[in-house]
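J.: First the structure, then my questions, so here it is.
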Amino acid sequence: MYSKEMRIASYDEELETALTNEARRQEEHIELIASENYVSPRVLEAQGSVLTNKYAEGYPGKRYYGGCEYVDVAERLAIERAKILFEADYANVQPHSGSQANAAACLALLAPGDTLMGLSLAHGGHLTHGAKVNFSGQIFNAVQFGVNADTGLIDYDEVEQLAKAHRPKLIIAGFTAYSRIVDWQRFRAIADGVGAYLLADIAHLAGMIAAGIYPNPVQIADVTTSTTHKTLRGPRSGLILAKANPEIEKKLNSKVFPGIQGGPLMHVVAAKAVAFKEAMEPAFKDYQRQVIRNAQAMAEAIQSRGYKIVSGGTDSHLFLVDLVAKGLTGKAADAALGRANITVNKNTVPNDPQSPFVTSGIRIGSPAMTTRGFKEAEICELAGWVCDVLDDIENETVIADTKEKVLALCARFPVYG
């Protein structure tokens, strides 16, 4: 029998130290990685619950194991809340990640060797959108489109020309580093013109879409996939949505289970249910509006210091800083800002002369700092600090001074107060 008093701290000092240090890092660093956020204590509670003990292969009401009556409640809650949030007719909350969701969707819609089209990883796409190192570029014939080198915007005419030339069976509209509004209807028209399915990957956009402040593709695309963290502020996991189509729904379910997964992680499914309920609150819409305002304020402030912002700005939660003209690499910028307790990620920019391990840009996102409570005043101050470091990237005195300012700001806006 287990005692409820069993704790990591008194048993595993090495792991406890790592956990404590990570908690301190999150409190004392400003998180600007666009794909990261902080979940609520409620989400943490669900993810650490006894549901982790339960195996539940199958779907609610159709399990291969007994004793699933209560985990069925949790999964049904997550499904129904996801459908309401995203105005979907179908939802599968079992994928372990966004990549798993994309894998299931691709396998449901395509046969090996079929052609798919997606945005190049180097231009802001994702590994699962046809990158050669990923299943999507190995099992399928992947054709990649890019953004306009001058504007940083999707060239829909080029997408249409490529679609007509290659006749893909699936077009993926999804992004990890694209800052502007996506024209879902234009993608739909291009897909219809060549008889292709349309998959919308909203992993980065889900929170804004759920809040109703970014265009929703669910009733436009054949299938929509997402993560449940990032802007949605839930556990690190995946989600598949779709408009009504019984044939596709059946294929999606079978490709998730038993196609690519066994038992779902029921504690994570429960955490999704909590996060989806939180996303239904009026405060969540206010949060998402502030996410966009903060990203726009920061992009404008950095641009005013002479740095190039890809596409000239942002309509969402993220933007790319192109460092080519400054003679800096993303790797060096990432490291210098990290020493100042500002966490970003190096990122390729369109037509990047550097390798993906070095890059010529950094990606900046506002979800996590907005969760802390930052608004425009703090954002403009922070943008100045970022530029101070980048302007004199080898000056450790500037970096140390910036770190002290960051620590003071973090103390004013704790993650978990």
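Cβ coordinates come from backbone N, Cα and C, glycine included.
Positions annotated as (6S)-5,6,7,8-tetrahydrofolate binding site by Swiss-Prot, on the basis of sequence analysis: LEU121, GLY125, HIS126, LEU127, SER355, PRO356, PHE357. Positions annotated as site 'Plays an important role in substrate specificity' by Swiss-Prot: HIS229. Residues or ranges marked as N6-(pyridoxal phosphate)lysine in Swiss-Prot (evidence: sequence analysis): LYS230.
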J.: Which chain-mates of LEU121 ((6S)-5,6,7,8-tetrahydrofolate binding site) that are at least 6 residues away have a CB under 8 A from its CB, listed by sequence?
T.: LEU127, HIS129, ALA131, GLN144, THR348, PRO356
J.: Any idea which of the recorded positions HIS126, HIS229 has the thinnest Cβ neighbourhood at 10 Å?
T.: HIS126
J.: Looking at Cβ-Cβ distances, which residues of the chain lie under 8 angstroms from LYS230 (N6-(pyridoxal phosphate)lysine) while being 6 or more apart from it?
T.: ALA34, SER35, GLU36, ASN37, ALA203, HIS204, ALA206, GLY207, PRO367
J.: Grab the (6S)-5,6,7,8-tetrahydrofolate binding residues from the record (LEU121, GLY125, HIS126, LEU127, SER355, PRO356, PHE357) and give me their largest CA-CA distance in Å.
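T.: Result: 16 Å between the two most distant Cα atoms.
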J.: I need the most crowded of these binding-site residues: GLY125, LEU127, SER355, PHE357. Count other C-beta atoms within 10 angstroms of each C-beta and give me the top one.
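T.: The most densely surrounded of these binding-site residues is GLY125.
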J.: How many neighbouring Cβ atoms, not counting its own, are there within 10 Å of the Cβ of PRO356 ((6S)-5,6,7,8-tetrahydrofolate binding site)?
T.: 12
J.: Among HIS126, SER355, PHE357, these being the binding-site residues, pick the one whose CA is nearest to that of HIS229 (site 'Plays an important role in substrate specificity').
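T.: When the Cα distances are compared, HIS126 comes out closest.
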